[in-house]
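Chemist: The structure under discussion is supplied below as structure tokens; questions concerning it will follow.
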Amino acid sequence: MQNRLSSTRRLGRRALLFPLCLVLYEFATYIGNDMIQPGMLSVVQTFGVDESWVPTSMTAYLAGGMFLQWLLGPISDRIGRRPVMLTGTLYFAVTCLAILLTNSIEQFTLMRFLQGISLCFIGAVGYAAIQESFEESVCIKITALMANVALIAPLLGPLAGAAWVHLFPWEGMFILFAALSLLAFLGLYKAMPETATRRGETLSLSALGHDYALVLKNKRFLGGALACGFASLPLLAWIAQSPVIIISGEGLSSYDYGMLQVPIFGMLILGNFTLARLSGRRPVRRLIQLGAWPMVGGLAIAAVSTLYSAHAYLWMTAGLSLYAFGIGLANAGLYRLTLFSSTMSKGTVSAAMGMISMFIYTLGIEVGKHAWLLGGNGAFNLFNLISGLLWLALVALMLRDKRVGGTTER
């Protein structure tokens, strides 16, 4: 009982202001993708190109998110998490304003790539600082609660983006993103602690390569990092492709498109709330196992229904909603186990995880796009199911050792 009260106090006093400031920046970068995706139909019209460029915007954004992961984590280990994170918030604001100067889809896509680099700061720097600051059960609760706030972006983003382009030019969205990032900068400047453990060490590229080689040789880490990527791929593929699937493919309105996102991301939030409630009461491996059933089952429902009837978009939404609940329940624990499967400094480990995940997302979204172009909704959801089955196989291998995630920390 005393331990639980102590955890509650720590969660309330130590883990409030900094995570809220970080999640505001995270929200700005996420809504920078989720809100603009429905607006991409207006963007391609502005530049006079076809709709195949719609998911490419998200591909470029996520590719940027992979670009500097390898460097930012180790740099923050040595010069400090705080200055690197503050630089990231300012960088995102500048690139959001710079995109207003583009005059072709190629320039727009390049700026989306540069904006995407801002994602590198979240996992490799911000989340690493949080993981270093708190014990396991408290950290998982913080991560789950932060995820709920961050998930407002994909929940409200499609609705807000669809409404925005009916009322205002799409360019105004990027001014909003820049303003949110600047507000996050002010909060982080005041509240972010310093948790780096290797400050003052010289950054050597050969030593950096050696560090990454040690991390990647760890089979448990590699399996967990791949699993984290495949877990979220169906959700990100849906975010990227759903404007085309719903509005162009099914002929529905932008309002209908936005409303179909609500059950999916609402269930994702519910999964995170369930995780926050169960964390500390159940071993981490048990939480992952509980999430596996709805994850794979939901993807199977979406695939079978759309292979049987190509326009069964309501069944597809129901299946993806069930999957989203599962990922909300399982993913934070899997992330934690993977991060601490290596003894290397957490900036380096987190950066390696981020690069692997972003590579899977970048490649997977393009594969998902072509699956839909070639085979419609059925092929798209079959691709998502394959991703879920790969996740299941990797997690089964990772949890084969009964000692992994088998303790309950309060």
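Backbone N, Cα and C define each Cβ position, glycine as well.
Per Swiss-Prot, the feature topological domain 'Cytoplasmic' maps to 1-15, 74-84, 131-144, 188-226, 277-286, 335-346, 400-410. Per Swiss-Prot, the feature transmembrane segment maps to 16-36, 53-73, 85-105, 110-130, 145-165, 167-187, 227-247, 256-276, 287-307, 314-334, 347-367, 379-399; the stated evidence is sequence analysis. Look at Swiss-Prot and you will find 37-52, 106-109, 248-255, 308-313, 368-378 tagged as topological domain 'Periplasmic'.
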Chemist: For a three-state summary based on DSSP, what are the helix, strand and coil counts in the topological domain 'Periplasmic' (248-255)?
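Modeler: Per DSSP, the residues of the topological domain 'Periplasmic' (248-255) fall into 4 helix, 0 strand, 4 coil.
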Chemist: Do any residues, 6 or more residues outside the transmembrane segment (379-399), come within under 8 Å Cβ-to-Cβ of it, and if so which ones?
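Modeler: Residues packing against the transmembrane segment (379-399) from afar: 220, 223-224, 226-227, 230-231, 233-234, 237-238, 241, 245, 285, 288-289, 292, 295-296, 299-300, 302-303, 305-307, 316, 319-320, 323, 334, 337, 364, 367-368, 371-372, 405.
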Chemist: With Cβ-Cβ distances below 8 Å as the criterion, list the same-chain residues six or more beyond the ends of the transmembrane segment (53-73) that contact it, or say none.
Modeler: 32-33, 36-37, 40-41, 43-44, 47, 84, 88, 105, 108-110, 112-121, 123-125, 128, 208, 212, 236, 239-241, 243-244, 347-352, 354-355, 358-359, 361-362, 365-366, 368-369
Chemist: State the residues, same chain only, that lie 6 or more residues beyond the ends of the topological domain 'Periplasmic' (368-378) and have a CB under 8 A from a CB inside it; answer 'none' if no residue qualifies.
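Modeler: Distant Cβ neighbours of the topological domain 'Periplasmic' (368-378) are 52, 55-56, 233, 237, 240-241, 244-245, 249, 303, 306-307, 310-313, 316, 384.
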Chemist: Using DSSP, how many residues in the topological domain 'Periplasmic' (368-378) fall into helix, strand and coil?
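Modeler: Taking the topological domain 'Periplasmic' (368-378) as a whole: 11 helix, 0 strand, 0 coil.
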Chemist: Counting Cβ pairs under 8 Å that are 6 or more apart in sequence, does the total for the transmembrane segment (314-334) and the transmembrane segment (227-247) reach three or more?
Modeler: yes
